[in-house]
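S.K.: Below is the structure I would like to discuss, written out as structure tokens.
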Amino acid sequence: MPAAGLRKRHQSEGRDLTRPESPEPLPFPLYDNHAHLEFEDGHEQLDPSDSLDRAAAVGVRGIVQVGTDLETSRWSAQLAEHDPRVLAAVALHPNEAPKLFAQGQLSAHLSEISRLAAQPCVRAVGETGLDFFRTGEDGRDAQIESFETHIEIARANKIALQIHDRDAHDEVVATLKRVGAPDKTVFHCFSGDATLARICNENGWYMSFSGTATFKNAPALREALSVARPELVLAETDSPFLTPEPFRGRPNAPYLLPYTVRRMAEALGEDLAEVCARIAANTERVYGSWDPAEAAA
Ligand SMILES: [Zn+2]
């Protein structure tokens, strides 16, 4: 498959690079709504197709493959076109926007994202948003301009918006309200507390929980999960990053999502199969069907 050509390497220093074993399969199949399969990681390489096979074997039946720049966005769309288990999200990452702006390239790249977003296998604009952790004051205007344009692209194409929000909760919320949030707005790798979860509840914004929800030092995140309206909860790996406990720091991939979902069900005190079925239904509501025949109908 031509899309397999692009591979990136995740930072490997000081980490245990053995892949965790597969979890017990989930009782009801669901989706990983945020992954980066272009990254290679660990001693044992998994190409996108192997990774998806391994995920399907434990009940993760499909993924949203997420771009962070033009190259990975094109790759994501191409992979989605070739593999029915994949839908694509396309965007320029908030940490890319200031660099592109400085090079005078931001508007040209945004036009290309807008073009890619019109393809049927592209069901989200993301990941976009604001990152005040890695980008300082001087990059903020470019980040905000880029984020606003991504919001408009999602609305124009009537597809979902996947938000990267790092240390920027208030400004993300203010920007969504100022520009007008798309109907399907998702906080990817939700990192807020109960207060932000209530704001999401009021606005009908989705909260996608990642491996961080399993971390011992994350009780505020699990509290946010219990506050979140059940119909707004999604799950993701953000692989190869944010590997769930008990494998934190090791290579992550969509087949490890069940560890996070089990911890979510435990935190909610709910039946695992019910939680899985709800996450699956929520995910299809946001991105549409993974089945090409149904999607065309
Ligand atoms: Zn990501």
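Numbering starts at 1 and runs along the chain as displayed.
Note: Cβ is positioned from N, Cα and C throughout, glycine not excepted.
Pasting the feature list from TrEMBL:
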| type | residues | note |
| --- | --- | --- |
| COMPBIAS | 1-10 | compositional bias 'Basic residues' |
| REGION | 1-27 | region 'Disordered' |
| COMPBIAS | 11-22 | compositional bias 'Basic and acidic residues' |
| BINDING | HIS34, HIS36, GLU127, ASP238 | divalent metal cation 1 binding site |
| BINDING | HIS164, HIS188 | divalent metal cation 2 binding site |
S.K.: Output, ordered by sequence, the same-chain residues six or more apart from HIS164 (divalent metal cation 2 binding site) with a CB under 8 Å from its CB, or 'none'.
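M.R.: Residues satisfying the criterion: HIS93, PRO94, GLY126, GLU127, THR128, GLY129, LEU130, ASP131, HIS188, CYS189.
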S.K.: Please give me the CB contact count at 10 A for HIS36 (divalent metal cation 1 binding site), counting all chains in the structure.
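M.R.: So the number of other Cβ atoms within 10 Å of HIS36 (divalent metal cation 1 binding site) is 22.
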S.K.: For the divalent metal cation 1 site given as HIS34, HIS36, GLU127, ASP238, which other residues of the same chain have their Cβ within 8 Å of the site's Cβ centre?
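M.R.: Other same-chain residues with Cβ inside the cutoff are ALA35, VAL66, GLY126, GLN162, HIS164, HIS188, CYS189, GLU236, THR237, SER239, PHE241.
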S.K.: Quick one: among the binding-site residues GLU127, ASP238, which has the most Cβ atoms sitting within 10 Å of its own Cβ?
M.R.: GLU127
S.K.: Using DSSP with the three-state reduction, classify HIS36 (divalent metal cation 1 binding site) as helix, strand or coil.
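M.R.: Coil, per DSSP.
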S.K.: DSSP says what for the region 'Disordered' (1-27): how many helix, strand, coil residues?
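M.R.: The composition, in the requested order, is 4 helix, 2 strand, 21 coil.
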